[in-house]
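For reference, the structure is listed below as structure tokens.
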Amino acid sequence: MDIIDTPQPPPVLGSQPNQNQLQNAGFLVRLVDGDHANEGHVELLLNGEWGRICAEGWTERAAAVVCRQLGYSGTAVTIYRPYSDAWHVPIHLDNVKCFGTEHTLAECIIHQSAQHNCRQKKSVRVMCDYMRKESQFIRNDGSNIGLCGLRLTQHRNRRIIGGNKSSRGSWPWQVSLRLKGIHKDARLLCGATLISSCWVMTAAHCFKRFGVDVRRYLLRVGDHHTGVRDESERELPVEKILLHRNYRPSNNDNDIALVRMWGKEGKCLSFNHHVFPVCLPAGKQKAEVDRKSCVISGWGDTGKSYSRMLLQGTVPLLPRKVCTSRYGKKFTNRMLCAGNLSEDNRVDSCQGDSGGPLVCQRPNTQWVILGITSWGYGCGQKDSPGVYTKVSKFVPWIKKETKII
């Protein structure tokens, strides 16, 4: 997904911000299959037939032009979606080139061909007036999903095999909890996860050794390579640390903590490509996610040292009976376990950090945090999956303390 603030030239005559299609300069343009009028797959009518646009060559500038043509003047966002579910809709355009100042898509340099070359098999989906609509995102069942769990940069559509280095912006909710040093930079202590503008979530055991004095810690957001200062990277002081009152250090039960950074409520951070919150699960309701390809991330143990580059690894959620057979009574109903148990593809929280996220993807592309890296026996050892705090058990507590809707 790309994001850009759309310049505001004179409005297109006859357009209104609540329209989702517009006849202009020979193209009837519309957004379809979206939850709201301001979002959806971009389709245009050519030769009497609706068709979509291939993602190859598409940029945030082109998204801004589409939104402007439809009468919007706010922020434009592109979401790149696999096209396999819609091959019955033809591809009309690919390699669209826009400067970003055009009033209509027809003014851009376009490649129209009956034999398109859409190798990525991805069509373009656009969201207009992006941030302006933050409080209006409603699921079909009427519940508010907010803006969360979206990866705002374009990534190659390939499955993560094992544990490997992530690309910059892959996991924008990834945060590091850092311990201040006396004469040097704050060192990595634990992973954490951004859940709102002001709050992150981590493991309670991260504070077991050094306590909960907020002056000892910093939160780093927008980081990718720990040895390179990224443009989006920020370090923020901590205002408050809340350990769950039932946290038990002896067995890491209820291993969850909330950390608030300094700042005015709701305005501690500005979201961008590299800083964006993850979604919380819907309480006790079983999350509708891909449970076979969840992802852990962090700057964790690589077997030699800690990585300077953010790592990622794909792990399946495992049945409860697998976890209890391995860990017995130490594995409570406030925990879940995940990991690849095969000899040749073993990934667990070695690729993450204590306190870091275990996220799974919803069918609508949003990512949900289901687990917080907590404990396990060894690192990637056979029959020893990683154990994670089960976040869904704590959603009421999280919402009560953070005031997240």
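Heads up, the Cβ atoms here are built off N, Cα and C, so glycines get one too.
What TrEMBL annotates here:
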type	residues	note
DOMAIN	29-129	domain 'SRCR'
DISULFID	C54-C118	disulfide bond
DISULFID	C67-C128	disulfide bond
DISULFID	C98-C108	disulfide bond
DOMAIN	160-403	domain 'Peptidase S1'
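Following the DSSP three-state reduction, the secondary structure of C54 (disulfide bond) is strand. The distance from the Cα of C54 (disulfide bond) to the Cα of C98 (disulfide bond) comes to 14 Å. Put simply, C67 (disulfide bond) is 14 Å from C108 (disulfide bond) when counted between their Cα atoms. Cβ-based neighbour count (10 Å, all protein chains) for C118 (disulfide bond) stands at 17. Here the domain 'SRCR' (29-129) has, by DSSP, the following mix of helix, strand and coil residues: 16 helix, 43 strand, 42 coil. Checked against C118 (disulfide bond) by C-alpha proximity, the disulfide-bonded residues C67, C98, C128 yield C98 as the nearest.
Counted over every protein chain shown, other Cβ atoms within 10 Å are most numerous around C128 among the disulfide-bonded residues C54, C67, C98, C108, C128. In this structure the C-alpha atoms belonging to C98 (disulfide bond) and C67 (disulfide bond) are separated by 13 Å.
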